[in-house]
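Below you'll find the structure, written out as structure tokens, and then a few comments.
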Amino acid sequence: MTSSFSPILPFFSTLLFFSFALLFSAPFVAEAWSKPHIPISSLITKTLFDSFFLHKDDTACPAKDFYTYNSFIRASKSFPAFGTTGCLATRKREVAAFLAQISHETTGGWATAPDGPFAWGLCFKEEISPQTNYCDSTNTQWPCFPGKSYKGRGPIQLSWNYNYGPAGKALGFDGLRNPEIVANNSVIAFKTGLWFWMTEQKPKPSCHDVMVGKYVATEADIAANRTSGFGLVTNIINGALECGIPGDARVNDRIGFFERYTKLLNVDTGPNLDCAYQEHF
């Protein structure tokens, strides 16, 4: 007696199943792979930007009308990984961290300032009355140009010839002969801040890598208690002067801006906000 079972039927059933699976799943797979990252302009609208920097255009601020929203957005397009790496919370947290750090560097706030001390970021565009021209004459790769000052300028307060030189090379301006452009062109100003944020300068990791979870601590980092978080970013920026000092007012000011901005973005700050017990790089 021969069996009535046919091997052809299960073959077509299986084929039909996979055809329907592909039909209904393909658009979702394609969407998952092709969906673009949320642009900075969607993450940080002009309204939100203005709410961060409530007083940047006050007459009391020397940088009045310099740090525009449009300049920030234009500058960010030169660094496509900024604010677009990782999940939405990570993206928000990175942008909040960057804006908090540049706010501290350019703050015009004080303890009893209107709307609080953390509403006065981007008040200054260059260092006032510097005590030095920030020329490291021992750096022969980026030699100082006679008569030029490499004082703090722009949102990150770019300083020293060994930062102006490579920043200019990366961004297309002569940082050694024309450092003043950082305080005269708002797009370039924001670009220098983002360049510093995104660029690894060994043994320091980039601020970007820290905030998006790509930082991998070396043995030296572990021994120095350089744990990932906002505090490590402060260490990268100014650790030699601010880290390893419990309760440092400058560190707390940076944290204050960060906490305000993350709240406005409806995202948590993450751990390790200060660098009180970290050794500097």
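Here the Cβ of each residue, glycine as well, is placed from N, Cα and C on the backbone.
Among Cys207, Cys243, the one TrEMBL lists as the disulfide partner of Cys275 is Cys243.
Among the candidates Cys123, Cys135, the disulfide partner that TrEMBL records for Cys144 is Cys135.
Which of Cys61, Cys87 pairs with Cys123 is settled by TrEMBL: its disulfide partner is Cys61. The disulfide-bonded residues listed here are Cys61, Cys123, Cys135, Cys243; among them, Cys243 has the most other Cβ atoms within 10 Å of its own Cβ. Assigned with DSSP, the residues of the domain 'Glycoside hydrolase family 19 catalytic' (188-198) fall into helix, strand and coil as follows: 11 helix, 0 strand, 0 coil.
Distances between the Cα of Cys275 (disulfide bond) and those of the recorded positions Cys61, Glu105, Cys123, Cys135, Cys144 are shortest for Glu105. Checked against Cys144 (disulfide bond), the recorded positions Cys61, Glu105, Cys123, Cys243 differ in C-alpha distance, with Glu105 being the nearest. Each of the recorded positions Glu105, Cys144, Cys275 was scored by the number of other CB atoms within 10 Å of its CB, and the largest score is that of Cys275. Listed as Cβ neighbours of the domain 'Glycoside hydrolase family 19 catalytic' (61-83) (distance under 8 Å, sequence separation of 6 or more from its ends, same chain) are residues 40-41, 43-44, 46, 49-50, 53, 55, 91, 94-95, 98, 106, 108, 120, 122-126, 128, 155, 171, 186-191, 193-195, 197-198, 208.
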